Amino acid sequence: MASWAPIFFLCAILPCICATKICAFNMQHFGEKKVAKDHILELIVKIVQRCEVSLLQEVQDPKGLALSRLLQSLNRAHGKDTFLAVSSPPLGRKSYTEQYVFIYRSDKAQITQQYKYADDDSAAPDVFAREPYIVRFNLFGKGLRDLVLVPMHTVPENASREIDALYDVFLDITGRWDAEVVQEPTRNESILDLNILFLGDFNAACSYLSKKKKRTLRLYRDERFHWLIDDTTDTTVRDSTSCAYDRIVAYGKELMANVQAVGIYNFTKALGLSEIQALEVSDHYPVELDLNGRNPLLPSCTLLVLSFLLPMMSWTWAGTPLY
């Protein structure tokens, strides 16, 4: 029976290998100083290259020099110019600003639309310190094709207000792209054919957002929204903290039907780092979502690999060869 172990292992991991991985990573003051240290840049490349689409937050790189070096390193590690990026303008109040940056694999996805949310509601102007920069992707493959990503890095002291206002961002997106209305065959009403992920460092835990306050949020009360990173997940690097600051919230039936796995990437353990070494990279772990992303040319990744392996392996059952 031990001979079957490789098959069971492959059947377990291949759905993940074939998945489209969407990641969100607060990189803690990512700029020229951080990429100037080769050992830190090497670790960042190992983290980011795992994802087909990555949202980077707390990027402080108005000249684009740090991002340019990161892209060069990613493409060098990958062997070809696959990784591309789009950045928001610097966002913030007064002199302190940050950027949202989306890095994506051009052989796995392409950007179809993008815009900066106009945080100018007369009833509640300037809610966001860093208003969302919304990007719509076309994902290549057999699974989910259309995906809208809404980044959010809240100010900790204003976390509940900013998270609640993401509902207004949702209304703005669906209103702006109302041409995406389709008729559901089994019903007599139209539905919005949009798949939306809200993701980032929401500061949605511990002293910044109580469970009682969370229950009042429109994005939580509305059952169409699914909080995929739960309150028990620790997204922080320090052993002394345990808070689910970073979140992924999903909207859309098709999106939810294509979710394979959700969690964090604990790069401390995965890369064999000490806490001190990990904190040189960031004080947050990336949160990530695996979507069904099988290539349409490959009916089954599992069958493909098995077709190569089976002829090379001599299987026996009770001492009798199976071929």
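Glycine too: its Cβ is placed from the backbone N, Cα and C atoms.
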Inset, instruction - Regarding the disulphide bond with Cys243, report which of Cys206, Cys301 TrEMBL records as its partner. - result: Cys206
Inset, instruction - Please list residues from the chain of Glu98 (active site) whose Cβ is under 8 angstroms from its Cβ, counting only those at least six apart in sequence. - result: Gln57, Glu58, Val59, Gln60, Pro90, Leu91, Gly92, Arg130, His153
Inset, instruction - Select the most exposed residue of Cys206, Cys243, where exposure means the fewest other Cβ atoms within 10 Å, treating these as the disulfide-bonded residues. - result: Cys206
Inset, instruction - Give the helix, strand or coil assignment DSSP yields for His153 (active site). - result: coil
